[in-house]
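Below is one structure, written out as C-alpha cells; the observations come after it.
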Amino acid sequence: MGHSCGDNGCDGFLLMKQQQSCVVLAGGKSSRMGVDKALMPFKDKASLSAYVTDKLSNIFKEVYISTKTNKFNNAELNQSIKFIADESNESSPMIALASILHHFNEPVFIQPVDMPFLKPESIKDMSKLKDDFEIVIACEAEIDHVLCGYFSPSVADKAKKLAKDGKHKIKELLKICDVVRVELSGDDEGINLNNPDDLKKALRYE
C-alpha cells in the first residue's frame, strides 16, 4: 500500500525535539568501503557516526545507535548518545528493525549512518505523517530509501514474522504495511557512502 506527498510547510523543530527519538543504524559490514564506515573520519568529525549523530541531536530529544558490538571508544560521540544492541547473529535488516522497534512505544525515526546529508526539513516532512501511516520513508525519483524514515512499533511483529519466513529485505515489509513516501528535496540528500568513490564525492559536498 503506497501513498505519496508533496512539499509541506514547516513547523518548529522544538516540538520534534521534545517528543521524538531516532536510531542510527551502524551495524553493517562495510565490505565495499574496506573500513568500518561508522568509525571512519568524516569532514571535521572524528567519525561518520559523530557527524551524523551530532546533526540528529539538534533535532531529536534522544539519539540512539544500533550496533552489534561496542566499537565506539574512539568515535568521539556526544555523551548523550545511547546504544541499542543488535543481538541477531546474522546480517538481517528485518531482524535488526524488529529488534529496534521493540524498544519504543511510539514511531521512531531511523537513518543509516552512511546517509549523512539528510536535511532537517525532510525529516520534518516525514514527521508530519508518522501518526497516520505505519511507515514513512524517504524516496527520490524511483529509489526508495527503505531504512530511512519513521517506523511504528506495530511493525515489529510483522518484521519478525517475515524474518522467520526467510524474508529479510525491507521491501517485503513495505508490501504488507501502510506506507507513505516523502520525496527528498536536495540533490545530495540521498547519497549513500558505499565505497571509496562515494566518500570522495561526499567530501566535496556542503
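Counting begins at 1 with the first residue displayed.
A Cβ is built for glycine as well, from the same backbone N, Cα and C atoms used for every other residue.
Annotations in TrEMBL come from automatic prediction, not curation.
From a predicted model like this one, the values you see are computed outputs, not experimental measurements.
Some features that TrEMBL has for this protein:
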- L25, A26, G27, K37, D86, D114: GTP binding site (BINDING)
- D114: Mg(2+) binding site (BINDING)
- 22-174: domain 'MobA-like NTP transferase' (DOMAIN)
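Counting other CB atoms no more than 10 Å from each candidate's CB, the binding-site residues L25, A26 peak at A26.
For G27 (GTP binding site), the count of additional Cβ atoms within 10 Å of its Cβ stands at 21 [all protein chains shown]. Here the binding residues for GTP are L25, A26, G27, K37, D86, D114. Their largest Cα to Cα distance works out to 17 Å. In the predicted structure, the domain 'MobA-like NTP transferase' (22-174) carries a mean pLDDT of 91.
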